[in-house]
Amino acid sequence: MARKPLIAGNWKMNLNHLEAIALVQKIAFSLPAKYFGQVDVTVIPPFTDLRSVQTLVEGDKLLLTYGAQDVSPHDSGAYTGEVSGSMLAKLGCTFVVVGHSERRTLHSETDETVLAKTKAALKNGLTPIVCIGEGLGIREAGEHVAYNIAQLRGSLAGLSADDISNIVVAYEPVWAIGTGKVASAADAQEVCKAVREELARLASPEIAATVRVLYGGSVNAKNVGEIVGQGDVDGALVGGASLKADEFATLSAIAAGGPLP
Ligand SMILES: O=C[C@H](O)COP(=O)(O)O
């Protein structure tokens, strides 16, 4: 079954308020509306820019969506510094990234934490983009498929088939993030295919056929075509290239099946 590609631009901790506004406007004007039926494009700014992005996108015909980079596993209360799923939903977010390798590594997030955040997202009607990915040592030892599947199982443990039908998975090999070292299209396909097979076991083959599995790690306008051309890769989680409006619009257009006019 055909899955509409998803291009998600994770801005990480970059840009100030005015730069964020300028970037969204430029992306919206650079990407012709004819592609919006063929690709979902979402921007994932820092929390502090969400309200501005909402104002720009809401009620317009731009058809961009937006999301957040993290969510608290808790509903409310004494959790200084955290932002809840209901707060993000009220801001009109569609997606939320959970388990990004930078959170797993720099903030010691475990699969259990990622699972709790995934549940918080789902409970509030947000689509979690659940990230998994191996480090270089695991890749070199040839253990990457088993490692990613174990991380996936831990991050989705106990979710219902219905819950699984409402997630996106992003495979991001840690060694390819922000390094310019992109995995080969075959590498991306190998893990994304294994992810889909595991989703079929966890939910059902029918549901697995509908879940979008993204690749992330040094994706740009030059390599996105080959990567999303793989049978089990349904789009990309883009970091650095999502901060350049022209490049992000171009790679979104390529994922939709055509170049910018
Ligand atoms: O969330 C995005 C990924 O970490 C990829 O980042 P990158 O495209 O800068 O390598």
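Every residue gets a Cβ built from N, Cα and C, even glycine.
The structure displayed is predicted, hence computed values, not measured ones.
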Same-site substrate binder from Ser30, Ser155, Ser160, Ser218, given that TrEMBL records Asn10, Trp11, Lys12, Gly178, Gly239, Gly240: Ser218
Gly239 (substrate binding site) in three-state DSSP notation: coil
DSSP three-state assignment (helix, strand or coil) for Asn10 (substrate binding site): strand
Shell list (substrate; ref centroid = CB of Asn10, Trp11, Lys12, Gly178, Ser218, Gly239, Gly240; cutoff 8 A): Ile177, Val238, Ala241, Ser242, Leu243
